[in-house]
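A.B. asks: The structure that follows is given in the form of structure tokens.
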Amino acid sequence: MVLQARNKHREAAPKPPQPPRVSQSPLRGAPDVGAGEPGPERAPPSPGRKGAAGRKGPRAETAAPPAGGGLGGRLAARLRWALGLRRAGRGRTWTTLLLAAFAAVLHWSHITHLFENDRHFSHLSTLEREMAFRTEMVILASWYRIYTKIMDLIGIQTKICWTVTRGEGLSPIESCEGLGDPACFYVAVIFILNGLMMALFFIYGTYLSGSRLGGLVTVLCFFFNHGECTRVMWTPPLRESFSYPFLVLQMLLVTHILRATKLYKGSLIALCISNVFFMLPWQFAQFVLLTQIASLFAVYVVGYIDICKLRKIIYIHMISLALCFVLMFGNSMLLTSYYASSLVIIWGILAMKPHFLKINVSELSLWVIQGCFWLFGTVILKYLTSKIFGIADDAHIGNLLTSKFFSYKDFDTLLYTCAAEFDFMEKETPLRYTKTLLLPVVLVVFVAIVRKVISDMWGVLAKQQTHVRKHQFDHGELVYHALQLLAYTALGILIMRLKLFLTPHMCVMASLICSRQLFGWLFCKVHPGAVVFAILAAMSIQGSANLQTQWNIVGEFSNLPQEELIEWIKYSTKPDAVFAGAMPTMASVKLSALRPIVNHPHYEDAGLRARTKIVYSMYSRKAAEEVKRELIKLKVNYYILEESWCVRRSKPGCSMPEIWDVEDPVNAGKTPLCNLLVKDSKPHFTTVFQNSVYKVLEVVKE
């Protein structure tokens, strides 16, 4: 209390006049370059010109943009003003945009080339194109088909055709007859979004590093490590494929907001919109945003961003979460998520800041208290809201994470962990990152940031003045990116599929090798271009080999057994006949045969998981009569049995009968029901169709 009174007295005392203060960034060691200026530190004003600190009247960036310069110039000026970006040289801006557009076209051409070579997609029939889709993307395409049928019924035209040639072959969208073809439409949309994503990556790397060389590094790192960071070649219309380009935009906006000295409504509105478009297609986006909020909170706790800025970011996330809740028809999983709980807890911590400052502890202890308050508060609030509202849709996610650290097992977690994409990151991944020099470059950047942070933190802790922060840092974007890298690394190690976020972020971090704020001491001796091109030349040795390997992949899609199955269903069963079976197969039945199904690959619904468990009991060791009784309750008419599901085993303990032994130990040791039904389906089922892969069983009703 004496220290606080002393500080207040010192602040109230008259102070001698001081020269204008220059905002000092903790990680730059140089004057602030200003919001929206990605370039290196500004040189001091020349003697004959008055600097920004000496100007009178309102600041230039708050004034409305001039009306001249043509339509394109006026639109660009309006956008810069709305987002709070300072005016850069016209030539510099257009050059950056042109290079970003070139990167977009190059990436679009690259992925269409890969997909066409792998599937020969342009020469497939409509049914074959639909069968080329798997699992969740088939459901998305089926929803689009329903939408186009509704549009046709009310007289809205959904046909549009165009042709794009590519070298000796054709692009996947060349032979589309119209938007009514869901397969072609979805492939086209994904490829366009991925092209725009690459343009954003170039702009992102340029803005973060302060140099277009940084944008070049980001783009080339992405190309050199393409087989690591995207599954677009073999599964284009995944939910995350729609979402991820908007995450790139969202993180670019967060970077700008953290760097800006003044927040503008345009930047916050753009952040809200990008949040909504990121969350809408993919429910798991909330977990990615959880890591972002946690990283930003950590940046705030150690003093790199002020409370006002973080509070506005939290409000924007809350608004976007509420909008998604409404647009997703009241999806309660969002409101009871860890993401929503974390937002509420952080908001509470910010509101209680005066009370935290009254605690007579050291600065380090205060950081630990706030971190623990956030961690335990989030978990407890999540648990309470889920219990109060009776929501268990995301319970399997908590169980999945528990199984990663402990020996916990149940039916749902084994379905996930037995799949390679949900297992731990394979050991070869860090080696592949090292061969392209992506990992070494990122480690150099990360160490440079950590050294700066440790220096800053040591200065704060060494002061030994409780409640009083001597360093008010205005820029925390580099610290945020370092923490976000740690979060993505943890996700990628725990769940291999989430390398989708790790690898691109590593490419963005690699752009900071061009940053004068981090490596200005080196660029004073060596030209930045020489350093960057030397690194890229070394990267290209393995990177070009990776590209060549991908370009050499040549294949053609063919799935005759499933085609026979779909044709039989379409012409031999009633339109209202209900089907059950493996989730991937059910998705194809829904899309191509338009038959009702009782389970599908969207596994985030508790009721759907319960139905899938009943359906998969066909591969357990239960009695046939018991399984049939449960299928009749679901009003199933036909069951599509796949013998491969009864015998295949990705690793020990991962065959379907072994998974059921964990869930149903009473029947362990008995012959699996699927093996019995493959030989003879009577008396509880009747075989009505069979080929080399599928056996359709009609449920005999009593």
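Cβ atoms here come from the backbone N, Cα and C positions, even for glycine.
Where the annotation comes from TrEMBL, it is an automatic prediction and has not been curated.
The feature region 'Disordered' is assigned by TrEMBL to 1-71. The transmembrane segment annotation in TrEMBL covers 93-111, 183-204, 287-306, 313-330, 336-352, 364-384, 437-454, 478-498, 518-541.
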A.B. asks: For the transmembrane segment (437-454) against the transmembrane segment (364-384), do we get 3 or more Cβ-Cβ pairs below 8 Å once near-sequence pairs (under 6 apart) are dropped?
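C.D. replies: Taking Cβ pairs at least 6 residues apart, the transmembrane segment (364-384) and the transmembrane segment (437-454) are not in contact, as fewer than 3 fall under 8 Å.
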A.B. asks: Residues sitting near the transmembrane segment (336-352): Cβ under 8 Å, six or more positions beyond its termini, same chain?
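C.D. replies: Residues 286-287, 289-290, 293-294, 297, 307, 310-311, 314, 317-318, 321, 370, 373-374, 377-379, 381-382, 385-386, 389, 391, 394.
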A.B. asks: Sort out the residues at least 6 away from either end of the transmembrane segment (518-541), same chain, that have Cβ-Cβ distances under 8 Å to it, and list them.
C.D. replies: 27, 29-30, 40, 211, 213, 216-217, 220-221, 224, 436-438, 441, 445, 448-449, 452, 478, 512
